[in-house]
């Protein structure tokens, strides 16, 4: 009971412990001798504990009072609190608390804008290099590009003949035109063509015509020196091309493709 009263917290001052001896129904054969012992209190008990502080807690509402002969209040001041100093993060222009920061506002903004713009330009340049290297890694290597070109000796192709080569997995037509074919294709009215294009815009030398031998309709291979116009004829669906590779009749929508080529001397051409 004593321990319960001591541990009851703020209710300890209002509780008291009592012990009563209740005699039993049987009488004792001999009177028992009772010896009273003194209860020794532990005076060395620490002050700041639950049992010791329970008697010092406020039992009523807190009321502030003032007197002429007594101190007005009790202050609890914490002298260990320090105000943080941000001087290491502030600029020299705004270190003085008595000076307005508006006088140096434009200079500080200009410096911030300059640093931001420089960082953006550097980031864009680095991103451009990364993207360029990534795209270049996807492109064909030097050995593949070397195989993508073909050299053709023009002296092996007689006049009026067409020779087919294999270039990048496609047929390549090289035609040595006669003067009559050159004059005939030059006189064609461009306005009447489905895909208007002048003959001189499709050749670098009038006597040589270099074309990709794939029909622009469904990708068939035309037959050279045949058709209604003496150029190329696709037997799959009846597309007729002239000696310049221009569509003249049939379902094909465009002219035959002219690849990239250049003449290396008078007797050699490099396609690709």
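Heads up, the Cβ atoms here are built off N, Cα and C, so glycines get one too.
According to Swiss-Prot, the features are:
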BINDING   215, 217, 218, 234, 237, 239  [2Fe-2S] cluster binding site
DISULFID  220-236  disulfide bond
DOMAIN    185-270  domain 'Rieske'
TOPO_DOM  77-104  topological domain 'Mitochondrial matrix'
TOPO_DOM  139-272  topological domain 'Mitochondrial intermembrane'
TRANSMEM  105-138  transmembrane segment
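Residue 217 ([2Fe-2S] cluster binding site) has a Cβ environment of 18 other Cβ atoms inside 10 Å.
Across the domain 'Rieske' (185-270), the model assigns an average pLDDT of 89. Cβ-based neighbour count (10 Å, all protein chains) for residue 237 ([2Fe-2S] cluster binding site) stands at 12.
Taking the C-alpha positions, the distance from residue 234 ([2Fe-2S] cluster binding site) to residue 220 (disulfide bond) comes to 7 Å. The residues near the [2Fe-2S] cluster site, meaning same-chain residues not in 215, 217, 218, 234, 237, 239 whose C-beta sits within 8 angstroms of the mean position of the site's C-beta atoms, are 216, 219, 220, 222, 236, 238, 250, 251, 252, in sequence order. The recorded positions 215, 218, 220, 234, 236 differ in how many other CB atoms lie within 10 Å of their CB, and the one with the most is 234.
With DSSP states grouped into helix (H, G, I), strand (E, B) and coil, the domain 'Rieske' (185-270) comes out at 8 helix, 23 strand, 55 coil. Sorting the topological domain 'Mitochondrial matrix' (77-104) by DSSP state (H, G, I as helix; E, B as strand; all else coil) yields 10 helix, 0 strand, 18 coil.
Counting only residues at least six positions away in the same chain, the Cβ atoms of 215, 216, 217, 222, 233, 247, 249, 250, 251, 252 sit under 8 Å from the Cβ of residue 239 ([2Fe-2S] cluster binding site).
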